[in-house]
Amino acid sequence: MFFILLISLPSAFAVIGDLKCTTSLINDVDTGVPSISSEVVDVTNGLGTFYVLDRVYLNTTLLLNGYYPISGATFRNMALKGTRLLSTLWFKPPFLSPFNDGIFAKVKNSRFSKDGVIYSEFPAITIGSTFVNTSYSIVVEPHTSLINGNLQGLLQISVCQYTMCEYPHTICHPNLGNQRIELWHYDTDVVSCLYRRNFTYDVNADYLYFHFYQEGGTFYAYFTDTGFVTKFLFKLYLGTVLSHYYVMPLTCNSALSLEYWVTPLTTRQFLLAFDQDGVLYHAVDCASDFMSEIMCKTSSITPPTGVYELNGYTVQPVATVYRRIPDLPNCDIEAWLNSKTVSSPLNWERKIFSNCNFNMGRLMSFIQADSFGCNNIDASRLYGMCFGSITIDKFAIPNSRKVDLQVGKSGYLQSFNYKIDTAVSSCQLYYSLPAANVSVTHYNPSSWNRRYGFNNQSFGSRGLHDAVYSQQCFNTPNTYCPCRTSQCIGGAGTGTCPVGTTVRKCFAAVTKATKCTCWCQPDPSTYKGVNAWTCPQSKVSIQPGQHCPGLGLVEDDCSGNPCTCKPQAFIGWSSETCLQNGRCNIFANFILNDVNSGTTCSTDLQQGNTIITTDVCVNYDLYGITGQGILIEVNATYYNSWQNLLYDSSGNLYGFRDYLSNRTFLIRSCYSGRVSAVFHANSSEPALMFRNLKCSHVFNNTILRQIQLVNYFDSYLGCVVNAYNNTASAVSTCDLTVGSGYCVDYVTALRSRRSFTTGYRFTNFEPFAANLVNDSIEPVGGLYEIQIPSEFTIGNLEEFIQTRSPKVTIDCATFVCGDYAACRQQLAEYGSFCENINAILTEVNELLDTTQLQVANSLMNGVTLSTKIKDGINFNVDDINFSPVLGCLGSECNRASTRSAIEDLLFDKVKLSDVGFVQAYNNCTGGAEIRDLICVQSYNGIKVLPPLLSENQISGYTLAATAASLFPPWTAAAGVPFYLNVQYRINGLGVTMDVLSQNQKLIASAFNNALDAIQEGFDATNSALVKIQAVVNANAEALNNLLQQLSNRFGAISASLQEILSRLDALEAKAQIDRLINGRLTALNAYVSQQLSDSTLVKFSAAQAIEKVNECVKSQSSRINFCGNGNHIISLVQNAPYGLYFIHFSYVPTKYVTAKVSPGLCIAGDIGISPKSGYFINVNNSWMFTGSSYYYPEPITQNNVVVMSTCAVNYTKAPDLMLNTSTPNLPDFKEELYQWFKNQSSVAPDLSLDYINVTFLDLQDEMNRLQEAIKVLNQSYINLKDIGTYEYYVKWPWYVWLLIGLAGVAMLVLLFFICCCTGCGTSCFKKCGGCCDDYTGHQEFVIKTSHDD
């Protein structure tokens, strides 16, 4: 059994090691916890930073993300000093601490002088996971040695698979005295190491600094003994996560003051400043305070003056509210898991635990777990969580079927016995019990199987640890009965079916007898649908929470009253032991219902109920639901007696009822908002503005970053911190405007005079100064200069406004998939996406129709349209040639081509068989056909001639035979040659046939001998194959057992690799289709979004067109630059493609007059007047009125003024709206990716080869028999009589040869004409060496021939 240690469980780390190297001088004295330093991490001088991989940066500042300590964090002193005794509490938490991302250590170099030598001592540190010899531990241990009277310090670094002692410790230099021996690991064999190396350090340094962190399975180490910034030491890929670190106690007789200050590392952004020599001289933790964030925003240690929008802040909780229902009983899950009986997979058992408490650490300590992993939830979160209830299913695991239980896998267990629901939050526990403490129960849960005789005895004689599982499941209708009717002839015995069921059917066989036959032939597992009947036993797969509905049933084994089936009638099940190494393997599936909501809670991290703090931001844990919020007490009557939690429509916690006091509360989120930092370059810190938030809310809660608070006050913009309130005054220039007419002014003199302020003051910003005119009539609100137009010209502006657009409809399925069926089938899984797309486009088209109707209504009355402008462009496509795309078209494309060939140019050939006389006959005639009868051959005393005649011979013999028949008996002698010729040639045919017959007998005899030898060879081969088969079958059985062992560990192996590949190909194809669908749906979605945006723009432009029709075309607009450029005169409108075309005429100013104007005048100190549609202007120290559109001074009269009741001016400032340009703060990508791969458990493979039977084959006898058969075959050589092949040429007639001769002469004449009479002119006959001129001189050609013998 390969045991997997669950490092995620807190109880797994009771001590650092598990090997008891020593038990002497060990006690349980509590010496306290590690002390906390009064010094904090100050990163400004580089403390906690490092030179990244020793890279050099010159005279620059860099923003780097990495693992750094938090600025302002404290240290813990992890050093432990002993003399003789060690405390067991030293080797447990908090001294054994989580490593997480990494640690930064500040180690004091404790120097002790003895005998004139100054010794250097400090403790060793180890970093690892389980600290056993199956995992690597990193050890950094100091050692000193005296060389020539000088002390040399070494850092011995090793990364090895140490077996760590339970109480590890180191000792000081032997010269300082020791009462213990150094003992921190114990390994009898050679230790496997990845890294070993020694580094020197300065023994005179006051402090040493270490920087250890891990990232992506790689460990990084940095170190320095000079300065604060650490330098690269080494890095090493481990591939595992280091979980803990431990500073080993140092024992020494001498009085040493040890300090090993450690602070954790986390992912931070730092601003690092380097000088011209590449030395890091300043560092900033960007998230430590507001000033640091300003530096990082500007990438400068000395940021310039400005107003900076920071990343904001979140009010931090000031208290914790914890609620659990008290006095709940213990769930006692471990007792049920350790029960004396456990079910088989076929009849797996379930139990629900609710309204009780459980302890995961206690549970794991009571069972021997092989592995524990969770699906859709982090396993470590189970400690301290609450659930509505926990449902646990368990059963014994057959040894060969454990692989079936992997989440998402298939196989017998998950297909036909127990299906794991991957959609819910669940955890899978694999554990084992001793064989003596457990037995496996067998029970068939199928009601219809048990109705027809299946009981526990039907499983036969099974061992106490044999687990029964189904290999196929079958379901039947309620009316099913397997017994036949008595009217059937043949088959099994009759039976009486229960009431309400249907007896087995019969059908008329070929013999016309009523014969009984099974519905499912030959059995339901192999039934393929024969005859006209349908097998009522239908194969099914189970779903989560279902048992197998029934095993298969062979109906011919059922009979009796009532109908009962024999045990062997039930098929499709198997059994196998659950024992392995003397323990029974058991599977338990924890189904977690209503995660973080309920009264079934883990007590591992449970706390006591606290007081409910209201109206401030708090951390809450309410019956397992955790979060942050502000609790507001309300009087709610809508909770029922069994309800404690209230949710909103989005599924978020909205309120709760306290179980103890019955009080009800609403939950509001803690404030998270915008912060503006106002910074002046001459100041060392900024003033802050918490937008839209009162100071009482800011300081009643704890904000994210601590502030050196000087003063604060509420303003129109929000809470202002560290600035002086000076809103009674105003400034005309401001470098730090904050909006809404306010300014934060920095006054250096103010800070030097008033030490309680920061030099910032919050005041009004008025960038203008009113220059009042001394007059008996006083202007109201000041006197200002503006320009008023005095001369004009007529201008024209042509404007097009779109009021409609083409309608768009999309066939979504065709757009995405075309006509690809697989794509369309998978597209259906996307639900109503396509319907939604078309619905949106329909809404867009309806919106366009409505908009067009509104535009048309505005044009119906009072507007004359000009001739409609032609919309659209004619595009002629008739001349486009598509043949390059479509290829060749028409009947000419497939016409077959013809060719000529010269076959047997000179003669026609006829071949015939020759037994020896044809060649001699041919040699005798020499080609003279008249010598035919003279050259008669003799073959074994018989006169013979070849059975072949030429045309001339046929003519001659025919003429002779004809002459002999014309004038008998005078011409009878002329027929003698003919008759001899026929007889001799018949003899030739007979001789040839006789030779062929003799050869045929020889072939048959030799073939019979060969068959005997072949048969003997086959017998020998068969005997050898029988032996081979026996050995191969034995090894196949062994291999089958091995494959079963492998399948337990490596995954379900299909019947063939081709099936696996086909499934993988199908999955890959489906994944690729899904990617393509997603891509095309994204494009379609973007297009539809663009259509929505465009339709909105069209709607707005159409509304603008309607407004311009009403105001510009139907009337004269008083608005400047609305109907054209300038003051409107007249507008015309024309219809245009997809819109309206406007022509505006207006008069445009060409010259302006600068005038002094006032918004009003105050007469007699209490009566005010203001201009009506114009301005009051001061002309030559007298007040007059002029219109706003053109300069034309006229006296102030009652027609151009409005009388006011007072001269006072009410000032109102509109609030400013500023866009939040901060980037969303997304979670770390690595952390988010980690959520998908956490808590993955593995099962070690069992690669035992005990089942393989290695057998050697002895096939010598069979090989000898085969050799004898080969000899017989070799002796079956057939010596056939030679039958030659004679070729007889049939010559062509004389006129054919004449034509060939004439054609040759013509060709020679043509060649002479071409070569000698053309091409080179008349001079060709003058050349001796060739027919063509050679201007480079005569060249001789030497032709050499060679003959190969």
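Just so you know, glycine gets a Cβ as well, placed from its N, Cα and C.
Swiss-Prot lists region 'Heptad repeat 2' for one of the ranges 620-658, 659-697, 1244-1282, namely 1244-1282.
Candidates considered were CYS286, CYS296, CYS427, CYS473; Swiss-Prot assigns the disulfide partner of CYS374 as CYS427. It is 900-921, from the ranges 42-63, 86-107, 570-591, 900-921, that Swiss-Prot records as region 'Fusion peptide 1'.
Checking Swiss-Prot for coiled coil across the ranges 804-848, 1029-1073, 1119-1163 points to 1029-1073. Range 1345-1349 is the one annotated as motif 'KxHxx', of 1170-1174, 1345-1349 (source: Swiss-Prot). In three-state terms derived from DSSP, CYS296 (disulfide bond) belongs to a helical segment.
Neighbour list (CYS286 (disulfide bond), Cβ cut-off 8 Å, at least 6 residues apart, same chain): LEU63, ARG268, GLN269, PHE270, LEU271, SER292, GLU293, MET295, CYS296. Shown are the disulfide-bonded residues CYS296, CYS935; the one with the most C-beta atoms within 10 angstroms of its own C-beta is CYS296. In this view, CYS924 (disulfide bond) is surrounded by 14 other Cβ atoms within 10 Å of its Cβ, with every protein chain counted.
Using a 10 Å Cα-Cα cut-off around ASN923 (N-linked glycosylation site), the recorded positions CYS21, CYS160, CYS193, CYS427, ASN662, ASN682 reduce to an empty set. CYS924 (disulfide bond) sits 101 Å from CYS193 (disulfide bond), taking the Cα positions as reference. A simple Cβ count within 10 Å picks out one of the disulfide-bonded residues CYS160, CYS193, CYS331, CYS427 as the most packed, and that one is CYS331. According to its DSSP assignment, CYS193 (disulfide bond) is in a strand. The number of other Cβ atoms within 10 Å of the Cβ belonging to CYS21 (disulfide bond), over all protein chains shown, comes to 17. Among the listed disulfide-bonded residues, namely CYS252, CYS356, the Cβ with the most fellow Cβ atoms inside 10 Å is that of CYS252.
Taking Cα separation as the measure, ASN133 (N-linked glycosylation site) is nearest to CYS165 of the disulfide-bonded residues CYS165, CYS252, CYS386.
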